[in-house]
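Chemist: Sharing a structure here in structure tokens format.
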Amino acid sequence: THAPGVARLERDADLQLLLVGGELLKVRSSSWKKNRFYKLQEDCTTMWHESHRTFKRNQTFSIDEIESVRKGRQSEGLQKHTEAHVEDRCFSIIFKGRRRNLDLIATSAEEARQWVNGLEKIISNMKKLNSQQTSEHWIFNCMRKADKNKDNKMTLKELKHFLRQINIEVDDMYAEVLFAKCDKSNSGSLEGPEIKHFYDLLIYREEIDVIYGKYATTGEQMSVKDLLNFLLNEQREVATMEDAVSLIERYELDDSAKQKNHMTKDGFLMYLHQEEGSIFNPAHKEVFQDMSQPINHYFISSSHNTYLMEDQLKGHSSTEAYIKALMKSCRCVELDCWDGAHGEPIIYHGHTLTSKVLFKDVIKAIKEYAFKTSEYPVILSLENHCTLEQQKLMAKHMISILGSALLTSPLEDQMPTAFPSPQDLKGRFIIKGKRLNKLDAVFSNTSPGVEEDCVSEEDEAAETSNSKTDTNGQKKSKIKLAKQLSDLVIYCKSVHFSGFEHAKDKQAFYEMSSFKESKAVNLAETAGNAFIHHNMTKLSRIYPAGSRTDSSNYNPVSLWNAGCQIVALNFQTPSKEMDLNQGRFRSNGVSGYVLKPGFQRYPGTEFDPMTLTKGPWLKRKTFHIMVISAQQLPKLNKDKCKSIVDPLVKVEIDGVPADTCSKETRSIENNGFNPMWNETFQFDIQVPELALVRFLVEDYDSTSQNDLIGQYCLPLTSLQNGYRHVPLLTKHGDVIPSAGLFVHLMLLDAK
């Protein structure tokens, strides 16, 4: 049996090739290229391939694990280890998380095209599966795996194995009762309709029954009026009769109910699993904010040491790291540039064992992937340690590769006095770095000026150089700067920070400072209002302390509270801080730009996140949340046959210090399949516009730290009231296909 929705693809020629399978040349290095047989399994959700490792003769990976498929020599490995003439036979499978890319060469260009098309069709089909089908598809897969002797029947022993697979510990007595209830033929095994009956008992949701029963007043079915009543009173939506009819049209599966404008329980569950029933407001999935404000009025999703796949001492530098960050809508990436061999500048973490990657290869990757998920501008933050000759080459590469997308002069015909907007800068690259002179020089008719000169190094660059310190303990480091590179710096000229007063009196709007996390956090805590005023006219970039050699992260929330725009995090490191970053930028169409609240943009504001005096930022809310249940939580240790999770749920608020708070449910023993808590929490929120809500599901362990099962974070202002499903993501931020939380939310004005 195929996965739902695959039936219509069955006769597709590309899919047929995958189902039959074929030999592909696997490329690991210039010397390691070996033929391996690859084949799509009958379920159309799993790829099988032969392996010549001693203990792993046959290996599989799920289509769910694939992030994307790239045609041609589009991966770092293929560019490095293959010749240009095999371009049309090459393709790469890029996996989610940290799994290594799979680089392959087909026997012909046509075969490569079929593999890529076939895989893309299957991936697209799986994405289209709605949550209800995905969970059925997941349960079906587990049932298939549990049928050890492949006779399409399930014995009691196989049934117990299946229940463990889906993460539910059932004592023998309960398993026997369930089995006996379904084994109508008394044959000692379940088959056909008996398995269907067993499955129906399994997916029964008691809490949905209760909600549905409360609102279904028409002959045990929900009429369109009942549904509207539910939308208005329970979900607190501004809904009309037309909206209710539309939901029935889209999600009711029973034609006879649909004709009567009724919604059955199955249709109701289907609706709750769609985006309309999700915690995240669907209107915020698109760009909905004003994008015509100056660019410094937005929080900008930003990455630190973007080139690293792992830690800062011996990690792997890669163009793939840039692609992953850009595909997550990161809009400010860092390029740590050093002199390379053969006259070509390279990118790596200086004075460490991290591997090196060519500057021009990084620029090519950025050009290719910068605007695939967001059309708004990308800032290239240069940390320049190169000699003059290689700086000139850097400028040449950026001009030739990025072409007209590279901003090389102000958008205005005269000297600007403020930043352009993200809207004005769509599809453009902005260079951040040192500049030899003021921007006014672009508009003056005086002589061209010096070709090169010494400038002080960027604050962060100075940390990684072997520079001396002056009497004040400041790094005293100079670097010669080439005019060709200097001229590319327009709206983001790096300058040293000498205090808010100095910046106000002496700095132009386009002159920006970078702050080490400790200094920035100290300013945010001791001079929050001054920092907010500084950020109304300037850009600020914050970076992690150099001591974080493991590429760990700092909490970005206190810096956002102070209006800092470019809060750079190590995207390569899964962490609570990256969950918060993903939550902050989930809104506004995942564009990488989120408009700051008005009280962080308007001159004269008295807002200070630490003291919270009276003002328009105080919009006190009471946030009621009931954690009802979870569904199909994944097993954490798949190798251990009996490792069932003991889940608990934490709900965290991250925002101004007065709002930051965490509460948690009790743990439920041995049930990851359908645990039910029905626990209620209340949070009092002072500044809702800066608050993020984070859900964590953990496996309770009394002897050590709890393990993360899944998480989800979103802005408080983007959630929907009422009964909602919460998707769960892995620590890398990828969706766990069938898992979820079910909650009831109410965000009300405080009395």
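Each residue's number is its place along the chain shown, starting with 1.
Heads up, the Cβ atoms here are built off N, Cα and C, so glycines get one too.
As annotated in TrEMBL:
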ACT_SITE  HIS304  active site
ACT_SITE  HIS349  active site
BINDING   ASN305, GLU334, ASP336, GLU383  Ca(2+) 3 binding site
BINDING   ASP699, TYR700, ASP701  Ca(2+) 5 binding site
COMPBIAS  450-462  compositional bias 'Acidic residues'
COMPBIAS  463-474  compositional bias 'Polar residues'
DOMAIN    485-601  domain 'PI-PLC Y-box'
DOMAIN    604-730  domain 'C2'
CARBOHYD  SER185  O-linked glycosylation site
Chemist: Counting each residue once, how many in the domain 'C2' (604-730) are helix, strand and coil under DSSP?
Modeler: 6 helix, 60 strand, 61 coil
Chemist: With a 10 Å radius around each C-beta, find which of these binding-site residues (GLU334, ASP336, GLU383, ASP699, ASP701) has the fewest other C-beta atoms nearby.
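Modeler: Ranked by other Cβ atoms within 10 Å, the binding-site residues GLU334, ASP336, GLU383, ASP699, ASP701 bottom out at ASP701.
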Chemist: Enter the number of other CB atoms within 10 angstroms of the CB of TYR700 (Ca(2+) 5 binding site).
Modeler: 15
Chemist: Apart from ASP699, TYR700, ASP701, which residues in this chain have a Cβ no more than 8 Å from the mean position of the Cβ atoms of those residues at the Ca(2+) 5 site?
Modeler: VAL645, ASP646, PRO647, LEU648, SER667, GLU698, SER702, ASN706, ASP707
Chemist: Can you tell which of SER185, ASN305 has the least company, meaning the fewest other C-beta atoms within 10 angstroms of its C-beta, among these recorded positions?
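Modeler: Least crowded of the recorded positions SER185, ASN305, by Cβ count within 10 Å, is SER185.
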Chemist: Can you tell which of HIS304, HIS349 has the most other C-beta atoms within 10 Å, given these are the active-site residues?
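Modeler: Comparing the active-site residues HIS304, HIS349, the most crowded Cβ belongs to HIS304.
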Chemist: Compute the average pLDDT of the predicted model within the domain 'C2' (604-730).
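Modeler: PLDDT averaged over the stretch: 92.
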Chemist: Round to a whole number and give the Cα-to-Cα distance in Å for the pair ASP699 (Ca(2+) 5 binding site) and GLU334 (Ca(2+) 3 binding site).
Modeler: 36
Chemist: By CA distance, which of the recorded positions (GLU334, HIS349, TYR700) lies nearest to HIS304 (active site)?
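Modeler: Out of the listed candidates, the nearest Cα belongs to GLU334.
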Chemist: At the Cα level, what's the spacing in Å between ASP336 (Ca(2+) 3 binding site) and ASP701 (Ca(2+) 5 binding site), rounded?
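Modeler: ASP336 (Ca(2+) 3 binding site) to ASP701 (Ca(2+) 5 binding site), Cα-Cα distance: 42 Å.
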Chemist: Nearest to SER185 (O-linked glycosylation site) in three-dimensional space, by Cα, is which of the binding-site residues GLU334, GLU383, TYR700?
Modeler: TYR700
Chemist: Sort the recorded positions HIS349, TYR700, ASP701 by C-alpha distance from GLU383 (Ca(2+) 3 binding site) and give me just the closest.
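Modeler: Closest candidate to GLU383 (Ca(2+) 3 binding site), judged by Cα separation, is HIS349.
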Chemist: Using DSSP, how many residues of the domain 'PI-PLC Y-box' (485-601) fall into helix, strand and coil, respectively?
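Modeler: DSSP classes over the domain 'PI-PLC Y-box' (485-601) add up to 49 helix, 23 strand, 45 coil.
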Chemist: Between the Cα atoms of ASP701 (Ca(2+) 5 binding site) and ASN305 (Ca(2+) 3 binding site), what distance do you get, rounded to the nearest Å?
Modeler: 35
Chemist: Nearest by CA distance to TYR700 (Ca(2+) 5 binding site): which of the recorded positions is it, out of ASN305, GLU334, HIS349?
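Modeler: Checked the recorded positions ASN305, GLU334, HIS349; minimum Cα distance to TYR700 (Ca(2+) 5 binding site) goes to ASN305.
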Chemist: How many Å lie between the Cα of HIS349 (active site) and the Cα of ASN305 (Ca(2+) 3 binding site)?
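Modeler: So the Cα of ASN305 (Ca(2+) 3 binding site) lies 8 Å away from that of HIS349 (active site).
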